[in-house]
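Asker: First the structure, then my questions, so here it is.
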């Protein structure tokens, strides 16, 4: 309930979350967010209220308690009935799923349940609670074991909440951007496989040991296969009948969704019917079908978590905090896009964190979100967090009064409900075909995430998946697409000459573009691709160096770190003489020191050497978002190298931030000035054309 009121998303009407302070005021909504339209108010140099003013305090209060903004404007006639019906539907649906996950995986959310369930099994194993019976056989004291596990779960929940609140207050909501959609979907699909495997023991009615850590999934499957001969036929038949019935009714719900006022609560019906049959026939004693047993009712008094567990579960709690938030915000963005409102990622993080932190003291389970219940809330008319409040009241009544009635519920029924509800998760396998057609790298991220999560378990698998996802970003920036741009006739549009037949190169001008920013990992590739794309002839690849204390010029090729590398015998220009005394591979031209007409800085033209077929290179910097010291150094070399073969270099479409970084990196000098920068490629081309025309007229 608290999470609903603290959540930033309200419903399909975005106007409730926007602020319009008049024509000249501050507009927080749409593309104008954070920008002033008109003059700032007097007394504020930054154009915003003083930090200690009443309006600032009110804004801060509304930011952390969003319901204070929309609750007074709640449209009762339009929304209340839909919220009540939706809340009851979600609450009724939560009952069977909550009971099922509570018993089988410790918690009401499939992915989070497995993450915490595997941790509780490893830190609080059943072997620690064995008690001897009649001096020979030993049984597990389930009451003590479950109490210890609940204590551990509550501790994990509190620590998860601390992480989430801290990240939210530090505005770390952006961390979810590192969890791409293919990564999240591959991860949740693999987690669903873990959930499925964890339920099979209840479907077949066999007892299994508890496994955790890397490869534990496969160990569990192998152990299950070995125990298949011991299958309880009654349990298996019960599970199959329940799964078939639930699947059929769910398909009918989907097919007749437009005609039904609300989905048929088949899970609840199945639980009630199976509990009645189990109680009347006594399935546990006659057929050995395992039942849930005693379900504690009532609210637990608040207790302080066991801080001794903090060191052992810190890493897992952080993973749960990130995964729970990622799933929640991903689903929230889906509905926000559909209904046209905005989700504040940091506020959602704080809301989740407060729910977990406070709930952990009352032995609650870490919260996230459920796809199935969220879809039910939307389809049954839910419009706001009021529906969540109604659902919470239904669950509260269940906890206080109704839970104890389900002690004879077969475990196989709960496992059947869980397995059927995983159907939506397994449909994510269809992503493979669409990703194959659209983006092979995203497909690779999906597959690697899925396999890593299966092999390494959920916590280590998540870390490995994020690392691989970041690695793909590095590879993408290292292997961008390089292109030469041409102008589309009678326009100021420039496109790749290879992809667009209408794009024609500007005579004498090479316009070079990279699809990625340039930094230390790819700037060398950028420089090499530039020289390859502009197609320098062999004679123009040389550069000129004055020998110290002499009047000679050495012709060579560009070497590493801008050093002079003389031409070798096989690459030397045949038209140039070679001085044997200077050694092989060194072409030397003697200059007459007595001639006053000798240039102080020799050029290809003054030496009578062939010149390039182009006179200008334009670097399109529109994709460049930042530069570092290494890329600045290489850019300087590019300017110098082309200057030595009498080719001008200009930079177009450079952002203000990149320009500032270049200035701080001492990029500019007497040889490279800001006059080499233009706001667009077309501006640079127009300038070059005008300069060439003026030069031709003057000559």
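Note: Cβ is positioned from N, Cα and C throughout, glycine not excepted.
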Asker: If I go by TrEMBL, the feature transmembrane segment sits on one of 192-209, 210-227, 264-281, 282-299. Which?
Answerer: 264-281
Asker: Would you please say which range out of 133-150, 385-402, 403-420 has the annotation transmembrane segment in TrEMBL?
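Answerer: Checking TrEMBL against the ranges 133-150, 385-402, 403-420, the transmembrane segment one is 385-402.
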Asker: Quick one: which of 56-85, 86-115, 446-475, 476-505 does TrEMBL have down as transmembrane segment?
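Answerer: My reading of TrEMBL: the transmembrane segment range is 446-475.
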Asker: To which of the residue ranges 349-373, 524-548 does TrEMBL assign the term transmembrane segment?
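Answerer: My reading of TrEMBL: the transmembrane segment range is 349-373.
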Asker: In TrEMBL, one of 23-43, 317-337, 422-442 is tagged transmembrane segment. Which stretch would that be?
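Answerer: Within the set 23-43, 317-337, 422-442, TrEMBL attaches transmembrane segment to 317-337.
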Asker: Per the definition of 3+ C-beta pairs under 8 A with sequence separation of 6 or more, do the transmembrane segment (446-475) and the transmembrane segment (233-252) touch?
Answerer: no
Asker: Considering only the recorded stretches 152-179, 264-281, 317-337, 349-373, 385-402, state which has the highest number of Cβ pairs under 8 Å to the transmembrane segment (233-252).
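Answerer: Highest pair count goes to 264-281.
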Asker: What is the average pLDDT across the domain 'STAS' (499-688)?
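Answerer: Value for the domain 'STAS' (499-688), mean pLDDT as a whole number: 74.
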Asker: Give the nonlocal contacts of the transmembrane segment (264-281) in its own chain as ranges (CB under 8 Å, at least six residues past its ends).
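Answerer: For the transmembrane segment (264-281), the list is 89, 92-93, 95-97, 99, 238, 242, 245-246, 249-250, 252-253, 289, 291, 405-406, 408-410, 413, 416-417.
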Asker: Against which stretches of its own chain does the transmembrane segment (317-337) lie, if we need a Cβ under 8 Å and a gap of at least six residues from its ends?
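Answerer: The answer is 9, 109, 111-112, 115-116, 156, 159-161, 163-164, 167, 173, 175-176, 179, 181, 184, 187-188, 343, 345, 348-349, 352-353, 356, 366-369, 371, 374, 378, 458-459, 462-463.
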